[in-house]
Each structure stands twice: as structure tokens, then as C-alpha cells.
Amino acid sequence: MEKQNKVIIVDYGSQVTQLIARRIREAGVYSEIHPCIVTAAEVAAMSPSAVVLSGGPASVLGEDSPALDKGLLELGVPVLGICYGMQLLAHNLGGELSCSETREYGPADLKFCAGSPLWDGLKTDESSRVWMSHGDRVKKVPAGFTVTGSTETLEVAAMADDQRRIYAVQFHPEVHHSEDGVRMLHNFLFKIAGIKADWSMSSFCERVIKEVSEQVGPDDQVVCALSGGIDSTVVAVLLHKAIGHRLHCIFVDNGVLRLNEVDEVSGYLREHFDLNLTVVDARERFMKQFAGVEDPEKKRKIIGYTFIDVFDEESQKIPNVKYLAQGTLYPDVIESISHKGPSAVIKSHHNVGGLPETMKLKLIEPLRELFKDEVRKLAVELGLPDFIVWRHPFPGPGLAIRVIGEVTEERLDILRKADKIVQNELTASGWYRKVWQGFAVLLPLKTVGVMGDDRTYEHVIALRVVDSVDAMTADWVRLPSEVLERISSRIINEVKGVNRVVYDISSKPPSTIEWE
């Protein structure tokens, strides 16, 4: 079996399995995550250079706990077990486990008990801070293994069988709390597995362009829904390099986009990339649907269904359309498969809200192997400008869910102007690139104020600025008071109809990032 520079990660359900993949890719090595029901034969067909067994919430000693296909240990490639993965190795190879009544969660000081290529370059005469999250523990290592690390409360924190190149750690080297974790992973990849670091956005870009140009027939046409966000924009530019004007981008102006967004994005892409781009002005059509609607779920459905109708109508104007391109990312693929579920790739139209089956289009998902941070790197590789590369996430329903209550042209105008000030001030103060997301929300109430000698009764703007890694959790950002003061002052003075600005200091959970 000819080995490729690829690492297969077998997922046993850990919340940080994706972080293992990202750490490996950051080292310049391609990695894939597969559910723990993947067989050794399936992994062998992928020709990996190494295998990683992830952590997981189950107990190896439990009745229905995820099992190890021992054939994975016969592939002739190095294996690294992390947390649950270490316990699986010990249990299946003749070691002994003990069940703990309480979980060990948090930092621990790792002491190096024996030499190991995993510790290469580390100060083994000193302890190393690592992060633990486990219940069961290895009581006795299997035959052929050596205890290579311990902590004050854990006799076997790491073990190794150098002859079979099987290594295991009870802690999580992939999390940033483990201070030498990245070095340990690099040692596994380069010292133990001898992998060549050849994964880059440049090589990815070349491969995708080649694959798409071969996949799409000479007369086939491809449609792509452009939203102005980074994912769909990268898809469009990448496919344009592969098939040129056979790619048809459709940008639906739904009336709830940011200030000047349609002109800025479409103008730039046409000028610099010569995209075959159609902008559909459907603002009036969407706004009629919003009349009298206050419920956020109804607003979301209006956006989704109306978009589908408009996109379908425009697509049918293009002859010989065979493919739909969309910006599915790797986390979308992973999350669609339970770590216990079938090993299948998704082929759903989730990014565009479920396009009608009558379209009968094949999917092209050029970003389905990438994490969000890799998409940004690819955008830079493709020459996209900072205002697209570093644009904050924007919800599919747009400003419709940032106008709390009924969506009207007047209320949208107020919100757009206020939000533009927020973006400008975050950028001017150097905070825009430091935070995950920052935006304005128009509240469904008015308050009393004083301007000059007159009393006012006008709208309230809420400011929401959060920091996050993946949007699953988020914390409100402690912006400097002078930045908050400038934002508030400018909105009240420059946006007609607003006399109060409040700052949202809620974290997720329990609150969500968006208000609706």
C-alpha cells in the first residue's frame, strides 16, 4: 500500500476532534475525520501515513461503547491514541483499565518517565502543563508498552510501543492549554510517521481547479448563488478559474442586505475577476412578504422560500445547466454524520435552503474539505481583498432578524446607517479583525430623549460585539469605553430617528449571538 501524506482521524465523539484535524493541517499535513464505525479496510483504501484515535465521552468499559477495529493496528502506519483512544488501545491489547467515580477535568503537570520520540525537543527534566478530560484510566499497560508519562494523580498518562509505532496519551495535546501539545503532534507527524508537509492552499487550489475542469463537460453550465459572504465568493472565484464563463453567478438582492453591499461586492467581482454575474433586484418582492410579519421564524421562512423561487426562476433562464455550486465547509460535512452513524457524504442543498428537486442538479462543493480559517487563507491565495476575506459572519436572513419586529424600509434604513457606523468605528479603532462579529440591532421600542431644547421619542439601537472561535460559544467583547462612546455618539448624531444606544453584555450560552 503506497502511503499518501494524509492522516486519518477516527472520531469517537470528542468535542475537540475537529481541533485535532486543524492542528495537523496547520502543520502542513492533510487530515480527514471519519466516524468510529469506519473499518480498517476502508482506512487502508485511503492509504494514510498515520492514524489518530480521538477522545470521546463514553467509557471503554461500557456495554455500548464505541469499539476499535484492531485491523487499524495492522496497517503498518503509526497510531496515536488520545484520551479515549489511549484507553481503547490499552483495553484491546491486553492492558487493564480502572473506572473512576469522578472525571478528571482541567490542567495537570506531565512528568516524563521515559524517553520517547513523541517528546523529542522537549525539556524532559521539567514537567509540562497538559489538559485532562477523562473518567477511566489505564491501570496496567499492555505487553510491549512502556509508561512514558505520568502526573501526580495518574500513573499512566502516556505510553508507547516504539517497535509497533503505537503511541498514546491520556491528555489532549490538540488544545491550547497543553503547552507542548503542538510540538508533540509535530513529532508524531514528522519524526515518527515521516510525513512530508505538502498541504497548502496553493496546492489545494491547483487540485480543485483541475478536478472541476475535468468534471464539468465542455458544454455544461454551472450556477452559483452569490451572497457577498466569503464562502460563496471563494467558490465563485475558484470555479471561474476552472471553467470561466460557464459559471453563472446569481446574486439575489433580497432587500435586507447591508448598506451598499450589492454594489460593492458585485462591482469588485466583475471588475477584478470578470465573473459572469447576474444581480436580481427582488427587493420589492421580499418586502411585500414582510408586511405585518413580526415573528422571526416566519421572517426566516419568507427569506428562504422566496429566495428559492427567485433563484430557480433565474436558473431556468440559463440553457444546459447541469451543476449547482455551493460553499459547504468541512464542519458541515462532519456534523451531518454522527460519530456512530454511517460513513456517508452529504448531498443536501442545505446552503441554499433546499432548492426544488425539479432542478435535478449535481452538486459541486469545492470547499467541502476546508475549515473556515482555511477558506480565508484560500481567499488570500486567490487575491480577494481584505473587505471580503475578513468580513464578519452575516446571517442568511440578513437584516430581517436584526430589525426586531416588523421589517419596513424606514426601519431598515435606520439600521443600515447605524450598522455602517459600527463597522467603520471597529475598523478605525483596530478592533474589527480582533473580534468574531460586531453589528447593530434595531429594537422594537422608542425612548424619551433630549436634543437641544426639545424632547424626543425615538428608536433604540443595541450594539452587539462578540468573540468566538466557531460560533458555538461566544463572549461579549470588552471594547474600550472611548470606542463605545464614539459609536454611540455618531449613531445618535448621524442617524435620524435614534436617540439611545445600548451595549449587549450577554454571552452565549445562555444568549445567542443574534437577537432573533
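Don't overthink the numbers, they just go from 1 along the chain as shown.
Glycine is no exception: its Cβ is also placed from the backbone N, Cα and C atoms.
As recorded in Swiss-Prot:
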| type | residues | note |
| --- | --- | --- |
| ACT_SITE | Cys83 | active site, nucleophile |
| ACT_SITE | His172 | active site |
| ACT_SITE | Glu174 | active site |
| BINDING | Ser227, Gly228, Gly229, Ile230, Asp231, Ser232, Thr233 | ATP binding site |
| DOMAIN | 6-198 | domain 'Glutamine amidotransferase type-1' |
| DOMAIN | 199-391 | domain 'GMPS ATP-PPase' |
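Feature map: Swiss-Prot annotations on the structure.
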{"residue": "Cys83", "record": "active site, nucleophile", "Cβ within 10 Å": "27"}
{"residue": "His172", "record": "active site", "Cβ within 10 Å": "23"}
{"residue": "Glu174", "record": "active site", "Cβ within 10 Å": "27"}
{"residue": "Ser227", "record": "ATP binding site", "Cβ within 10 Å": "22"}
{"residue": "Gly228", "record": "ATP binding site", "Cβ within 10 Å": "20"}
{"residue": "Gly229", "record": "ATP binding site", "Cβ within 10 Å": "17"}
{"residue": "Ile230", "record": "ATP binding site", "Cβ within 10 Å": "23"}
{"residue": "Asp231", "record": "ATP binding site", "Cβ within 10 Å": "19"}
{"residue": "Ser232", "record": "ATP binding site", "Cβ within 10 Å": "22"}
{"residue": "Thr233", "record": "ATP binding site", "Cβ within 10 Å": "27"}
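Same-chain residues with CB within 8 A of the center of the Ser227, Gly228, Gly229, Ile230, Asp231, Ser232, Thr233 CB atoms, the ATP site residues themselves not counted, are Leu226, Val234, Val235, Gly327, Ile388, Arg391. Across the domain 'Glutamine amidotransferase type-1' (6-198), the model assigns an average pLDDT of 92. Comparing Ser232 (ATP binding site) with Glu174 (active site), their Cα atoms are 30 Å apart once rounded.
Put simply, of the active-site residues Cys83, His172, Glu174, the one whose Cα is nearest the Cα of Ser227 (ATP binding site) is Glu174. Checking the recorded positions (His172, Glu174, Gly229, Ile230, Asp231) against the residue listed as 'active site, nucleophile' with a 10 Å Cα-Cα cut-off leaves His172. Secondary structure at Thr233 (ATP binding site), taken from DSSP and collapsed to helix, strand or coil, is helix. If you take the CA of Glu174 (active site) and look 10 A around it, you hit none of the binding-site residues from Gly228, Ile230, Asp231, Thr233. Calculated from their C-alpha atoms, the gap between His172 (active site) and Asp231 (ATP binding site) amounts to 30 Å.
Gly228 (ATP binding site) falls outside any helix or strand according to DSSP and counts as coil.
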